């Protein structure tokens with residue numbers, strides 16, 4: 001076995017996922033299917049004899065609740081949990097709340113794919129007077145206004161997430177703590193891009209399914225030696241296809 005191991009889980013399906021809407025920093029709840037996925041993720045971890053010493057998640061309820069369901073299945077409700085805005089989903093700007101298929105019909109699938117997946121092209125920003133601007137929410141009241149995005153591309157998300165990896169998560173791993181991260185499609189893509197040294201162009205094609213644990217085994221320098229999902233290939237492929245198809249016209 002590799003010296004270190006970390007487990008990533010994208011939150012279970014949210015109400016906005018179910019409705020095929022851009023979610024971002026909007027605090028959407030889990031759907032019924034999302035609750036089932038979260039519980040199943042915990043069951044998969046238990047069946048494969050995983051345990052954890054510490055967990056990290058975002059400040060968005062779909063990730064927090066997923067983590068809670070997972071820990072409940074593992075009987076690990078007592079372990080320390082750190083919630084941070086740095087693990088939040090990418091902020092989708094003026095796209096937040098819009099239906100992805102309707103947006104693709106209006107602007108074209110290729111433009112929506114660029115907005116969803118391009119590394120360095122953000123969607124149009126929200127105005128600070130817009131109710132969708134996170135700075136209007138109490139949970140960010142103590143956060144410096146310069147840190148609160150009006151929109152983000154994946155490059156921005158990487159720059160937000162990686163300091164938390166270097167300052168906090170990697171230190172936990174090196175202390176030989178068993179670490180669980182429950183976050184979002186794009187904050188996890190940011191971490192995986194760094195770990196796998198994925199190019200800016202290749203990251204466009206990476207899709208992470210909801211609710212399936214992703215295990216990374218790391219060497220002494222925290223470089224990946226192996227990674228795998230705790231599910232069979234057909235299940236993972238079908239789940240990834242569902243994510244990839246979200247930005248297409250119906």
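Including glycine, each Cβ sits where the backbone N, Cα and C put it.
Going through 100, 106 against Swiss-Prot, the one listed in the (2R)-2,3-bisphosphoglycerate site together with 10, 11, 17, 24, 62, 89, 92, 116, 117, 184, 185, 186 turns out to be 100. Listed in sequence order, 182, 183, 184, 185, 188, 208, 209, 210, 211, 212 are the same-chain residues six or more apart from residue 10 ((2R)-2,3-bisphosphoglycerate binding site) with CB atoms under 8 A from its CB. Around the Cβ of residue 89 ((2R)-3-phosphoglycerate binding site), the same chain contributes 23, 24, 25, 58, 60, 183, 184, 185, 186, 187, each under 8 angstroms and 6 or more positions distant in sequence. Considering only the recorded positions 11, 62, 100, 184, the Cβ with the fewest other Cβ atoms within 10 Å is that of 100.
The closest partner of residue 11 (active site, tele-phosphohistidine intermediate) among the binding-site residues, by CA position, is 62; the full candidate set was 17, 62, 100.
The two recorded residues, residue 117 ((2R)-3-phosphoglycerate binding site) and residue 92 ((2R)-2,3-bisphosphoglycerate binding site), show a Cα separation of 11 Å. Shown are the binding-site residues 116, 117; of these, the residue with the fewest other Cβ atoms within 10 Å is 117.
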